[in-house]
Amino acid sequence: MVVRGILGRQRREYRAPEPHPSGARAPKLPGELIPNHVACVMDGNGRWAKERGLPRTEGHKVGEGVVMDVLKGCIELGVKNLSLYAFSTENWKRSPEEVRFLMNFNRDVIRRRRDEMDALGIRIRWVGRMPKLWKSVVQELQIAQEQTKDNDAMTLYFCVNYGGRAELADAAKAMAEDVAAGRLDPAKVSEKTIQKYLYYPDMPDVDLFLRPSGEQRTSNYLLWQSSYAEMVFQDVLWPDFDRRDLWRACVEYASRDRRFGGAVPNEQLLEMERDMKGSEGVQDA
């Protein structure tokens, strides 16, 4: 299979993802039941390493391959947006040695993998704060963004130095500055106004919030975007995770009745959305 995309006026062919070594294939779900945006907390690296008597850093190293496998699984299934929590604003509290490792690691992962992601048609977007981040990390993230900006097989939101509260605080600060400068009428502030001040106003809402490792919390991740997300928690640690676990989570997501605060069954909501939007849904892989 070759996935095709448009780059300017030229048609570009993306490389097809390699099948999973087990031979497993993505489940065939109706396009409207495939989550458009999956947010994932990559948790359990330290525990995985500890169970094996290894340094915590070894769990992160194994997790790099998991990232690529999950991205390929997204493309195979038809998930168009994936957000990965790579380094939070709270992670600065870890030991200087681990912070140093994670800075180097995130920089090097992007450097090592950006060509492969580009070949697969993945658009990379960095989400997070610039202050405190190493210049070399910022540079690699910016290079990756520029290199992949026209890709359209899927979008990876790579969250480095990100926190949901930090994003909302930054949005509030920017809004306050615009109010003080007379560029924004506070009486007209709405949810749509706040959305415009987020790091990526066009980031779609999270449909499926996925966390491996057995922990059941959001950890300050994409708070605004996850307001109506379906939560799936899995016991597998991130280094043991692969695209089959992603697919299981998506099958569970597809079985749920999303009401968005109302009392109308999911099927009827989908029908109304199709009528209003002209069947704008995620297409089958």
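Using N, Cα and C of the backbone, Cβ positions are placed for all residues, glycine too.
Model, not experiment: these values are computed from the prediction.
Annotation comment: Swiss-Prot describes Asp43 as active site. In the three-state DSSP reading, Asp43 (active site) counts as coil. In the structure as shown, the Cβ atom of Asp43 (active site) sits within 10 Å of 22 other Cβ atoms.
A helical conformation is recorded for Asn91 (active site, proton acceptor) in the three-state DSSP classification. Around Asn91 (active site, proton acceptor), the C-beta neighbours below 8 angstroms that are at least 6 residues distant in the chain are Val99, Leu102. The annotation active site, proton acceptor is assigned in Swiss-Prot to Asn91.
According to Swiss-Prot, the feature Mg(2+) binding site maps to Asp43, Glu230. The Cβ of Glu230 (Mg(2+) binding site) has 19 neighbouring Cβ atoms from other residues within 10 Å, across all protein chains displayed.
Sequence annotations record features per position, and here Swiss-Prot assigns substrate binding site to 44-48, Arg56, His60, 88-90, Trp92, Arg94, Arg211, 217-219.
What Swiss-Prot lists as region 'Disordered' is 11-30.
The recorded positions shown are Asp43, Trp48, His60, Thr218; of these, the one with its CA atom nearest the CA of Glu230 (Mg(2+) binding site) is Thr218. Cα of Thr218 (substrate binding site) to Cα of Asp43 (active site): a span of 11 Å.
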